[in-house]
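Accompanying notes for the structure given below.
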Amino acid sequence: MRHLLSAADLDRDAAVRVLDVAEEMAATQRREIKKLPTLRGRTVVNLFFEDSTRTRTSFEAAAKRLSADVINFSAKGSSVSKGESLKDTALTLEAMGADAVVVRHGSSGAPHRLAHAGWTRGAVVNAGDGTHEHPTQALLDAYTMRRHLTSGAGDLTGARVVIVGDVLHSRVARSNVLLLRTLGAHVTLVAPPTLLPVGVESWPCATSHDLDAALRDGAPDAVMMLRVQAERMDASKGSFFPSAREYGRRYGLGRQRLALLPEHTIVMHPGPMNRGLEISAEAADSARSTIVEQVGNGVAVRMAVLYLLLAGELPGGDA
């Protein structure tokens, strides 16, 4: 596989392979000396056209722990702010000898364009494109679930996952639905009708507008809360929900809803969180919460992705 652009690029064996390699990478990070020589002499460029804390620093840490040289590119402090196109930026990076380009862009499909337009010969990793996809987030979420819900090996066959919130604007939700289904999990999306995308009925998952019923009757193994992405909501199209208070009442995870969950259920969030809106402080900081763990797991998963793209072999996927 030359690129990782979508969770759909991975079949079951390829996805499990990434998770297995991530487990091996995580083991190396428990040692006193964490750095590996695997990608010495390779150059990884973090090309971020949107703000990011967790994803950008996670990819930077992953590449550096594999001994790659890292170039961090921010659109705000570059010629992009002067009108330079994605093509010209990519050609500049190609001239610098980039072996991999990790790209986050506000336009859906930008990483695919970068990978297939002939502007770069390096591997392209989608670190989030618009409201489309975020495959490495889905991989780290699946990795986190596997560590808690299985023996830490194999797939997620039979696991029940409820994803709650702003699905309409969430690239995380899309990638998770695709990957979790590939790994054998059953996924239910819960959101108000205004925050579900057109065509969601064709996604490989169930949908519901009733969070209490989904938690009480679905007996989920994992509940993933999604951030309400107010910055992507066009006010000219009207309100997506009556008020923040009403949204929290209907779709927020707090003390009462935590009590509906089976004892083993984990609580997840891809971050950043709106505490007090989609998730209460009590839920976010509870013993069930894996939110901080997810951030740490992201480094191991992204180490695995970079290793398999640049030094290993990942079967299937985008050629």
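Using the three backbone atoms N, Cα and C, a Cβ is placed for every residue, glycine included.
The shown structure was predicted, so the numbers you read here are calculated from the model rather than taken from an experiment.
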Of R17, R30, R104, R245, which does Swiss-Prot put in the carbamoyl phosphate site with R54, T55, H134, Q137, G271, P272? R104
Using only the Cα atoms of R54, T55, R104, H134, Q137, G271, P272, which the record gives as binding carbamoyl phosphate, return the largest interatomic distance in Å, rounded to a whole number. 16
Euclidean distance between Cα atoms of R171 (L-aspartate binding site) and P272 (carbamoyl phosphate binding site), Å: 14
Write down the Cα-Cα distance for R227 (L-aspartate binding site) and Q137 (carbamoyl phosphate binding site), rounded and given in Å. 14
R227 (L-aspartate binding site) falls, by three-state DSSP, under coil
So, three-state DSSP: helix, strand or coil for R104 (carbamoyl phosphate binding site)? strand
DSSP, reduced to three states, assigns R171 (L-aspartate binding site) to helix
